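Each remark here refers to the structure printed beneath this line.
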Amino acid sequence: MSTAFKMERGVKYRDAAKTSIIQVKNIDPDQELLQKPSWMKIKLPANSAKIQSIKNGMRRHGLNSVCEEASCPNLHECFNHGTATFMILGAICTRRCPFCDVAHGKPLPPDPEEPKKLAETIQDMKLKYVVITSVDRDDLPDRGAGHFAECIKEIRKINPNTQIEILVPDFRGRIEQALDKLKDNPPDVFNHNLENVPRLYRDIRPGADYQWSLKLLREFKALFPHIPTKSGLMVGLGETNEEILNVMQDLRNNGVTMLTLGQYLQPSRFHLPVARYVPPEEFDEFRTKAEVMGFEHAACGPFVRSSYHADLQASGGLVK
C-alpha cells in the first residue's frame, strides 16, 4: 500500500512536482507546442545593470517580485524601466493554477517585518508608483488581507507621495472580513484578475469562483466608490472572443473601469498549453470595444500583464 504524499512546509513545488501532487487535466508534458509567431518575440535589453540593481535591492531586503516568481515575459523591460511588482506573504501559493508558474506548497507564516522592509525598499528605490500582489493564502483566517493593509500603512508612513496599487487574490470565503481589514488603509487602485472566462474556470482556476471574484470587485467599489477598480484577462486558453467580451461587460456591470488583456504564455511543458496566439489586430479590436463599453483605461496587447506599465495606465497613458 503506497503512502500519501505529504508536502513539507516552506518547500516550493514547481512544474512536474506541482502537477503530480494533484493531477491536472489537459496537461501532457510530451505534447507538441504551438510555434510562437513573429509578434511574440522579445528583444532583450543590451544593458542589464538596472535589472541587476533591482534584483539586488529585492534580495537585500528579503523581498520577492512576482516578475521573477511567475516568470513574467516583461521582466527585462520593466526592471530596465525601474519598476517592479512586489509579492508579499511569501513565494509559495496554497493553490495550483495550471497556467501559473508561482510555486505551490505549504507556505511559512507571514513575516511581521515585511511591511517595514517593503516601505524601506520603496524609499531606497525612490518609487512613485508601486504594485503589490501576493500568493493565495487560504491557510490564513483573513486570507492575507490584514498583511496587505499593514504594507499600505507602512509604505505611506515614509513614502507619502507614492501611489499604491494592490493586485489581490479572491480572499476565498472571507470577502467581508478582508474588506473590513482594508477600510482604514485602502489603496489608490484596487486590482483583482478574473483571468479568463467562467466556462474554463474549473480547468484554469481550480479553487476559484467567477462569481466570488465579481463580488469582490463589486463590494470594494461599493465601499470605496472613488477608488478605481481594475481587472485582467488572458486570452489563448480555448475561450472565444465573444466569451471575453461577455466577461468585459460583466466587469463594467460591476463597476470596473480599468482593464488589462494579454496573451497567455505557457511557462513550461507542465502547464496548460497555448490554444492559439491572438494577433495584435484582435487586441486592437478588444481595446476599441472596451472603450465603447465605458472602460476609462484598457491596455490590450500580446505582452500586456496586470501590472505592465501600471503607472502609465493609472495616469491615462496608452499601453499596448
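Each Cβ is built from the backbone N, Cα and C atoms, and glycine gets one as well.
Remember, it's a predicted structure, so these values are computed and weren't measured experimentally.
According to Swiss-Prot, the protein carries these features:
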BINDING   CYS67, CYS72, CYS78, SER307  [4Fe-4S] cluster 1 binding site
DOMAIN    79-296  domain 'Radical SAM core'
BINDING   CYS93, CYS97, CYS100  [4Fe-4S] cluster 2 binding site
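Positions of Swiss-Prot features highlighted on the structure.
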residue : record                          : Cβ within 10 Å
CYS93   : [4Fe-4S] cluster 2 binding site : 26
CYS97   : [4Fe-4S] cluster 2 binding site : 21
CYS100  : [4Fe-4S] cluster 2 binding site : 22
SER307  : [4Fe-4S] cluster 1 binding site : 28
Other than CYS93, CYS97, CYS100, the chain contributes near [4Fe-4S] cluster 2 (Cβ within 8 Å of their centroid) the residues ARG95, ARG96, PRO98, PHE99, ASP101, VAL102, HIS104, VAL135, ASP136
On the domain 'Radical SAM core' (79-296), the mean of the pLDDT values is 94
Candidates CYS93, CYS97, CYS100 (binding-site residues); nearest Cα to SER307 ([4Fe-4S] cluster 1 binding site) turns out to be CYS100
